[in-house]
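Residues or ranges marked as transmembrane segment in TrEMBL: 45-62, 74-92, 113-144, 232-252, 261-281, 344-366, 405-431, 437-457, 478-499, 519-541. The Na(+) binding site annotation in TrEMBL covers Gly51, Ala53, Val54, Asn58, Ser319, Asn351. Residues or ranges marked as disulfide bond by TrEMBL: Cys156-Cys164. Feature annotation from TrEMBL assigns compositional bias 'Basic and acidic residues' to 576-587. According to TrEMBL, the region 'Disordered' annotation covers 576-597.
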Amino acid sequence: MDKLKCPSFFNWRRKEKVTASSENFHVGENDENQDRGNWSKKSDYLLSMVGYAVGLGNVWRFPYLTYTNGGGAFLIPYAIMLALAGLPLFFLECSLGQFASLGPVSIWRILPLFQGVGITMVLISIFVTIYYNVIIAYSLYYMFASFQSELPWKNCSYWADANCSRSPIVTHCNVSIKLGEIIQMNKTWVDTNNFTCVNGSEVYQPGQLPSEQYWNKVALQRSSGMDETGVIVWYLALCLLLAWLIVGAALFKGIKSSGKVVYFTAIFPYVVLLILLIRGATLEGASKGISYYIGAQSNFTKLREAEVWKDAATQIFYSLSVAWGGLVALSSYNKFNNNCFSDAIVVCLTNCLTSVFAGFAIFSILGHMAHISGKEVSQVVKSETITTTIQDLFPKVMKKMRVPITLGCCLVLFLLGLVCVTQAGIYWVHLIDHFCAGWGILIAAILEIVGIVWIYGGNRFIEDIEMMIGAKRWIFWLWWRTCWFVITPILLIAILVWSLVKFHRPDYAKIPYPDWAVALGWCMIIFCIIWIPIMATVKIIQAKGNIFQRIVSCCRPASNWGPYLERHRGERYKDMADPKTETDHEIPTVSGSSKPE
């Protein structure tokens, strides 16, 4: 199997849905924030967060990365990254969005110089959403294809070649040419010339499973490489259109409607995972796959490779959805005094336990595949933040035109995704994932924590959090201060530099990418991050004073930074400007916190 060998229908993820959610047409009478609206119930928010964090990344990406990075050995860097990077950043983003009730771009009123970081997050989300829904389309295709009395990939059929087999294939054997003369011949020659193999002389080679050939030859109609684009695979294009229609239908009324959809989308994957685990555990050879997964056959030498640690960090960001902007968007609809700390702990633990649980289900099936194909487990597989941003930038337009704007976003992203359902589509999917879901997220995460903790001030940010959840003893903040100030930023910077130094050209199914494709990958990531220096330059130009004064001004919160509602501002933000207006970069009057820490 290749990287996306056998996707299953339950790989439904709310990343492209909840990151696009924003306020409802009609703000509820009981909503605390009558301008933007709030979640109807706490359970809507928690399930949305679980649905946002838990899904395709746990079921597809985590087992795949575990497999390619040494099996159970990968759990070591994964757990380290969760504790030292994932959880601290998750709590930071949830607190940030809830405090100001703003989306991922407008939230950078906290530090105008870094507003480009929010744009970078949105752009990366757009790129990933494009290919993410392509994977949903694969799942839909397999669901429709399975509505037959016999699964079409169960046995080798008209689309298969000579290498297709559910068991090892005889490639050579000894034959008796003359009396007493025995030589080894190719099996094809033996069959063509009506000879018979000498018993026990057969040489076996693992064949390609029917599911593998069906994936490449039928589902994808995969070409020989990115240089051969081929035609659009029409049934995948229809499945992609259906996926976007489902997303649009779930989102066009905002959080009031998507909050209800999540009761199904967040819970259903667990039902299917349990079914898969029970079924996988009963298959012959399942124990072989589980043994590889939990460490008995792990390759611990992989821990010396920079790519493994980069994959662990980006997988934490991928599955927890940290540094994508979606956590800020979802949390911005919370009531001000919601306990975002307990929410962060619950969602993070649920997400990571789901990843581990999914690994057992997937590796039990891989063990069975290894058993029937005669291979080792390590050889079986080859390898919308968006409308919330529009809402914050153009609130009056979104109130009047939510449906056309939401559906328009879905249409544009569908059209952009068509290149991913051509015969070379799987190469595009892998290319976007390799570049945009890796370094781009690391860069955004580093600048986010550096900007908020080192420039805005970690202690000031803690005071902001305590305005929401109440004052805590110093011991409570000891771990978070240690991670936010030192461990997390240094760890992420080290991984970013190490992975860039150790960069190697991407390939798919051992087919190397051409030079133009690699250059295009770098252009995509540059396009995402170039807005950071561009927006910083724009903000400095717009500020007043000499160059030093302008930079200092842009490193202070805007005068409209703070809690969205006046009754939550207290003494610290009593002179805050109206958050619904655009202002200059003057720092608001904040009692006891007049300087960045």
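Residue numbers in this text run from 1 along the chain shown.
Cβ atoms are placed via backbone N, Cα and C, with glycine included.
Keep in mind that TrEMBL annotations are predicted by a computer and have not been checked by a curator.
Sequence-distant contacts (6 or more apart, same chain, Cβ under 8 Å) of Cys164 (disulfide bond) comprise Cys156, Gly207, Gln208, Leu209, Pro210, Gln213.
Here the transmembrane segment (437-457) sits against the transmembrane segment (113-144); at least 3 CB pairs are under 8 Å, leaving out pairs fewer than 6 apart in sequence. Long-range Cβ contacts of Ala53 (Na(+) binding site) within its own chain (separation 6+, distance under 8 Å): Ser319, Leu320, Ser321, Val347, Cys348, Thr350, Asn351. By the count of Cβ pairs under 8 Å, the stretch nearest in packing to the transmembrane segment (232-252) among 74-92, 113-144, 261-281, 405-431, 478-499 is 405-431.
Contact counts against the transmembrane segment (405-431), taken as Cβ pairs under 8 Å, peak for 113-144 among the stretches 74-92, 113-144, 261-281, 344-366, 478-499. Cβ neighbour counts within 10 Å, taken over all protein chains shown, single out Val54 as the most crowded of the recorded positions Val54, Cys156.
Most Cβ pairs within less than 8 Å of the transmembrane segment (74-92), among stretches 113-144, 261-281, 344-366, belong to 344-366. Sequence-distant neighbours of Asn58 (Na(+) binding site) (same chain, 6+ residues apart, CB-CB distance under 8 A): Ser319, Asn351, Thr354, Ser355, Ala358. All protein chains shown were included, and the count of other CB atoms within 10 Å of the CB of Gly51 (Na(+) binding site) stands at 28. With a 10 A radius on its CB, Asn351 (Na(+) binding site) counts 25 other CB atoms from all the protein chains.
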